[in-house]
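*Asks:* One structure is given below, represented as structure tokens, and several questions about it will come after.
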């Protein structure tokens, strides 16, 4: 067994020597290739390791570059937006400037007054002193054009726009409307008469002779009726808000004027049945400050309420034309008479509508004096006849009554006072003690702040406190005591009479006394913090009021002053004041040496 094994072994090693070399060469070659590959791979690995170590730094560089590029992009975007906005603004400015240039380059537009239109679309207009027939722009509806309306004309004198009616011009007086209805005869400021066309607003509304019209003299159109302030100011469109309950101490006078004014209007059938004519006028006379004007206003208020209750309408109305005497006087001859005519013309117009109208003349003696009694002029010679004719004209009207007020009825022309004109004469006298209490009660009210001490005296009853205050202050005012002596008058026959403050009291004086007392209460509250009106305030106010009226009008005719103040009878030739000072040491004085004027006397 060992023989063949060694034989085969030696035979094999000696039999193939070339194969071993080739194998070795192949092996070495393979080793060399592998070594080369390993070396390449090692270099590749080294290079990869080197690249791997360098990658984070490159990433950071790239990120920084990217951030820088983004910032530059944002900056460029903002600059681009600004540039776009600038370009747009420049374009808008260019467009605006172009429009402005085009607007300024347009030819001027003229104005004209529309006269009439035609079926073919043309119209007549008056412009620049010429009457032209022109066409109307398609943008303008020719049907809406009204006579007298202002229109705008382009360069070719075509109507391109409709405007409102003219609002400025001259004021003329309407004399009459002509038969055609669209023309009127007017009187200018120089008494020049001319015929004008009536614009559409005047064609739609009623106009009367005597109205003031606004005209444009070049076109000859009247556009608007202008209210006449001289008459409109005298008309109180709203009913006066004064009622009979607000007037104190004049119950008898109120009843008399209600019988004269309200009964004929509210019970017309009964008056007709008894063939009784209603009075045309009422004269309220008496001293100043006693309520004559208040009564006249209360009549209008009461009459309006009675009309509302009788007719069932929602809002009763009574027109109250309040004419103060001196307002009518004018330096031009005939102006006063004209204004009187206008006042009664307005009264007739309102009365024709079924509304009661009261024409109230305050201070009637200032213009309707006895004819022939003027010193520097005799204007009353024409004013009085004008009023007489107007009052007689009221005879045919059912709803107009004249009320006059005066504190010198003896100076009014007797023709005005006779029956058939101012039929009813009501004397508004100075208040006596009972009337004074009634007047005080209108102003000293329980809801006023009253002093705690005064309330305590009357058990906290506010009504009783007010009554107690009124009772004491009236007793103080009407006491015929030494401190209340006011005047000593000497009559023509030599008799003398002492007059007290109560003889010159009035409703206005009582109102002023209460106002003084309230002001004292306010000052006490401000200075000392004590709230409430008290008795002492009223008594002090009464003394202050008496003291103020110490000075009388400086007149050389005491009898005239006595008539104004309400003391009438035998002629007075001398008046001496008896008012003493606070200490009772001041002597009486003659009025002839006194220059100041009292408040109510």
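Here the Cβ of each residue, glycine as well, is placed from N, Cα and C on the backbone.
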*Asks:* Tell me which range among 1-29, 30-58 Swiss-Prot lists as region 'Disordered'.
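*Replies:* Range annotated as region 'Disordered' by Swiss-Prot: 1-29.
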*Asks:* Beyond the listed site residues 289, 290, 291, 292, 293, 294, identify every same-chain residue whose Cβ lies within 8 Å of the center of their Cβ atoms for the ATP site.
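*Replies:* Everything else in range on the chain: 284, 286, 288, 295, 405, 428, 506, 507, 508.
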*Asks:* Please work out the number of neighbouring Cβ atoms within 10 Å of the Cβ of residue 291 (ATP binding site), leaving out its own Cβ.
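*Replies:* A 10 Å sphere around the Cβ of residue 291 (ATP binding site) contains 24 other Cβ atoms.
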*Asks:* Go through 290, 294, the listed binding-site residues, and name the one with the sparsest Cβ surroundings, counting other Cβ atoms within 10 Å.
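*Replies:* Least crowded of the binding-site residues 290, 294, by Cβ count within 10 Å, is 294.
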*Asks:* Grab the pLDDT values for the coiled coil (19-106) and give me their mean, rounded.
*Replies:* 85
*Asks:* For residue 292 (ATP binding site), name the DSSP secondary structure in the helix/strand/coil scheme.
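*Replies:* It is helical.
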*Asks:* Inside 10 Å of the Cβ of residue 292 (ATP binding site), count up the other Cβ atoms and send me the figure.
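*Replies:* Other Cβ atoms found within 10 Å: 26.
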